[in-house]
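J.: I'd like to ask some things about the structure below.
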Amino acid sequence: MTTADSNSSATRGSHEMADGSNRVPNDEPYHRKSPESCENANFFVRAMRASFGYRKTSLTILVFLSVIATVLLSYYDSSLEFSVSLPTDKSESKILDHSWDVLQEIARDEHTYASEANDRVHDYLEDIIGFLVDKKSYMEYDNDLNNTHSFLRQTAPSTVTYYESNNLIVRINGSDPELPALLLSAHYDSVPSSFGVTDDGMGIASLIGILNYFSAKQTSQPARTIIINFNNNEEFGLYGALAFLSHPWFKQIKYFLNLEGTGAGGKAILFRGTDYGFAKYFKNVRFPYASSLFQQAFSARLVHSETDYKYYAELGHLRGLDLAFFRPRDMYHTAKDNIANVNKKSLWHMLSSTIDFTNGVVGGEIDLDVEAKQKEAAAFTSIFNYFFVVPMTFVFGVNVLLMVLVPLVSLISLALIFAHRKWSVSLVTFFKFPLSFILSIFLLDNFSSWFVVSVNNFLPNSSAGIIALTYFSFFVLANYLLLNGINLLFWKFKGTRHDEKLVVILQISFMFWVSLIWSTANIAKSQFNGEHSGEFLLTLLYILQAAGGVFGLLCWLFKRSRTVHTNNQELEPLLEHAVEEGYGAHVEQEGHISSSASSAISVNVIESPPPTKHYSYDWSIQFLFIVPISSFLSYNYGWLILEGLKKTLQESATSEYLVFRALKLLAVVVAVPYLPFIFKVNRIVFLVTIFLFVYGLGAIVISEPFTEANPLKLRFLQTIDLDNSPKSNLVSASGRANSSIAEILRDLPSVKESETEVVCNAKADGMTICNYEGLNPHLAPGTKNAQDLLSVKVLSNSSSSINYPFGMLSGKFEIRAEKNRECRLSFREDTGGKRSSGVVKTVVVYKNDLKNSNKVNAMKAPEGFSQDDYGNFVYKNMTGISDLKLNKLDWNRPYRIGVEWVASLDDSDTQPTLKVSVDCYWAEIGQIAEKGKIVDRIPAYTELLHYSPNYVTWANLDQGLVNVKKSVLV
């Protein structure tokens, strides 16, 4: 052996590992440079490496910054205080002040349709409207009190409604009569249990503000005509809007903006729009707040309420928008919807949005006037007072492009990487994240069901944030422990040339891709009608996730290589910074090797050793692509929809289930962007997450679901049944099961004094209703007892008809309800103990004296609505009418009703009779003079308001607070 050979063998031996491989041991220097060479590196380079290298400290700082920024920016975006400013212009300030005064006067007391306070509000608004209209010659006013806009029509299957309208309608005639008009609409009635500040006093006050604005001297005549509908009785059937469809002015209208309130204060949100063509004009609003997530929620019936938008869009075929307050729902329709719980900024947000939007549409011709564009649903949102809207066809097109382009680029990149870069991914690396993700969701679901729901199922009502935080912490911890546990257990099978971060990014991108396919298919299936308009968020999240994945693959593909010389002059290309561990690998061993060296070095090994530090900075670009924006979007819009839904858990067990599903989904979606980096986070993140989880557990156990700020919402109805002997007088309180209703009722003074029994019965969908004998109401002056409140007199009995069994049976009756506006009739055939519905084919509402009215022949009357020679309203439906709802304006006029019906043929010798059940409703709250004393009209309701705990609010269970029942046979 020559000396050279001996030296070569010695050198080779010094680099031979115990397993016979030719790797350089970690404790032996690889470069010829001295260890001090890195120490003498430029200070700036070292600072950059320390700050932006893929280190635990750098990553941890970015994680904390992202979480904090997500929460703070979302709070700013939804905050009325920070995102909306009061007007500085004197004229606008004056308009706001006047509108606020109007709101205070409207909300002085409860003013449902069946109350004298409703008349007071009507007359008050009429005075203001008359004063403002007189300021401009091109303004005019019409009042439906002339009874020309009453209707009798089918409003539900087998239900017919009679309604007398007293809408207040203003027309601001435009300078160009050829332009179709814009309708602005709000309703001035409230429910019996609410002062109606947000629902819909703010809408009415905003319309008064619009009138103030256009009647001002400095405001010129608009080019487009504006019609304003101050409508009544929206709460129990949208009847004011329905009546307006038959008004002569309605024919001019093509567009509308409806102002509503389904919460109590806060910011007014654009939550529905008929189409993109009209929704895009909301960009003119100075403080836009919008989300088509609510549009999708309404389409899916996740929110159990409706607005006038429904009739304007569906029956009126108008193009328009729905702008409404939406939180908190537990104060909605209760006495807490009052002036004390709102402020001027809330009113200004709706008022300024109405002014800005109206000016943007009425200033001149818009593209929808001249182009017969098809209505195309829109996806829209707002961020920091910037409004974004796109048609659903655009969302569909982008989705299709992404579904094709991203997989194509990714697959080509992967093929090139595996072919030339030798990126090896072991089965453990490939399967551990999907396994961890699925198992974590399974564990989260069981944790939610077996702990959170069982311990405090109503907690989202007051502390949805605590639950979301606990779920988020649990999900992150589960993935952290599972992923690192798998790495620990299967460390021998862990590949050496891989990037765990990139693998997880690609797998999450694939999950979003599958979800995008599902969403796109649904969009196409719904024919782009907006049922899935909230899913544009999925498109944005996929773009961000895919961008991080594609960027990582391209970095792998185009990574610069360095060459290492062997002793026989062979060249070995190596990936810079990541040889054994691969691109982006997270190695942090201490040593003296500089992975940033770029020159070729002559060594006597075939493979280079693993780098001791990873100074690649492209990870930070991936992080910025994926985490901050995705985290903000997921949290901001997830929390927004949760704010609108969380209080609905008081309405049914189904809603409770949906709320907890939304909480789990929010936690998972917000956590997903952080999961690719979970391998690298500092132990501080782990400890903080544990602390948050433990804190959440404690809070879930001890927190109260119902507080004064987040009350328990119960519903009230007092029912007096005159058919019973003696009459029954039951108070019914309805709410969620296991929500302490019985305990609240048993503590009432009247219940304890009379030793009345409180009986509770379970109802469908997790609800319960409790009944007890209540205090007698005093509903009308001069009535001595309940029998004086309601009487039904049969004027023409069908039993005397000679047409049976081959012809129509008919009957007439008169209902006298003292000081009343609302009744409901139910028709059932009564034959030998058998009862059937749908036998009535024609109903007649007599407007004049019965003596001057002829019998209506059902064979001659047309199907649907008609009027006879005396102006009586006739409705015929041969499929059957089961219910007739009556709404009149005259407090003292009796209801005079005629029916024609067909009896069923059976073997009974008894001639059939028609049972008519009459339910009349009273809703007036306050006091009344009776026998020289001032007494409460509905003392049972007043007692509940006074003696219920401060964490309880009361709403009406039906269209009135007191229901008096009586039935007759016709």
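Cβ coordinates are placed from backbone N, Cα and C, and glycine is handled just like the others.
Here Swiss-Prot flags His187, Asp199, Glu260 as Zn(2+) 1 binding site. Under the heading Zn(2+) 2 binding site, Swiss-Prot lists Asp199, Glu235, His333. The compositional bias 'Polar residues' annotation in Swiss-Prot covers 1-12. Positions annotated as N-linked glycosylation site by Swiss-Prot, on the basis of sequence analysis: Asn146, Asn173, Asn446, Asn461, Asn738, Asn797, Asn877. According to Swiss-Prot, the region 'Disordered' annotation covers 1-35. Positions annotated as site 'Transition state stabilizer' by Swiss-Prot: Tyr332. Under the heading topological domain 'Cytoplasmic', Swiss-Prot lists 1-56, 419-423, 487-502, 557-620, 680-683. Sequence annotations record features per position, and here Swiss-Prot assigns topological domain 'Vacuolar' to 78-397, 445-465, 524-535, 642-658, 705-970 based on similarity to another entry. Sequence annotations record features per position, and here Swiss-Prot assigns transmembrane segment to 57-77, 398-418, 424-444, 466-486, 503-523, 536-556, 621-641, 659-679, 684-704.
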J.: Quick one: pull the CA-CA distance for Asp199 (Zn(2+) 1 binding site) versus Tyr332 (site 'Transition state stabilizer'), whole Å only.
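T.: Tyr332 (site 'Transition state stabilizer') has its Cα 8 Å from the Cα of Asp199 (Zn(2+) 1 binding site).
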J.: As a test of reading the model: what is the averaged pLDDT for the topological domain 'Cytoplasmic' (419-423)?
T.: 73
J.: Cα-Cα, whole number of Å: Asn173 (N-linked glycosylation site) versus Glu235 (Zn(2+) 2 binding site)?
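T.: Asn173 (N-linked glycosylation site) to Glu235 (Zn(2+) 2 binding site), Cα-Cα distance: 30 Å.
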J.: With the transmembrane segment (424-444) as the reference, which stretch in 466-486, 621-641, 684-704 has the largest tally of C-beta pairs below 8 Å?
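T.: Ranking 466-486, 621-641, 684-704 by Cβ pairs under 8 Å to the transmembrane segment (424-444) puts 466-486 first.
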J.: What are the DSSP helix, strand and coil residue counts for the topological domain 'Vacuolar' (445-465)?
T.: 18 helix, 0 strand, 3 coil
J.: When you tally the Cβ atoms that lie within 10 Å of each candidate's Cβ, which of the binding-site residues (Asp199, Glu235) has the highest tally?
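T.: Checking each of Asp199, Glu235, the winner is Asp199.
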J.: Relative to the Cα of Asn446 (N-linked glycosylation site), which of the binding-site residues His187, Glu235, Glu260, His333 has the closest Cα?
T.: His333
J.: Let me know the most crowded of the glycosylation sites, choosing from Asn446, Asn461 and counting other Cβ atoms within 10 Å.
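T.: Within the set of glycosylation sites, the most crowded position is Asn461.
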J.: I'd like to know which of these glycosylation sites, Asn173, Asn738, Asn797, Asn877, is least surrounded, judged by other CB atoms within 10 A.
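T.: Fewest other Cβ atoms within 10 Å, among the glycosylation sites Asn173, Asn738, Asn797, Asn877, is found for Asn738.
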J.: Note down the number of other Cβ atoms within 10 Å of the Cβ of His187 (Zn(2+) 1 binding site), including every protein chain shown.
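T.: By my count, 30.
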J.: Among 466-486, 503-523, 621-641, which stretch has the highest count of C-beta pairs below 8 Å with the transmembrane segment (398-418)?
T.: 503-523
J.: For Asn173 (N-linked glycosylation site), which DSSP three-state class applies?
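T.: Reduced to three states, the DSSP call for Asn173 (N-linked glycosylation site) is coil.
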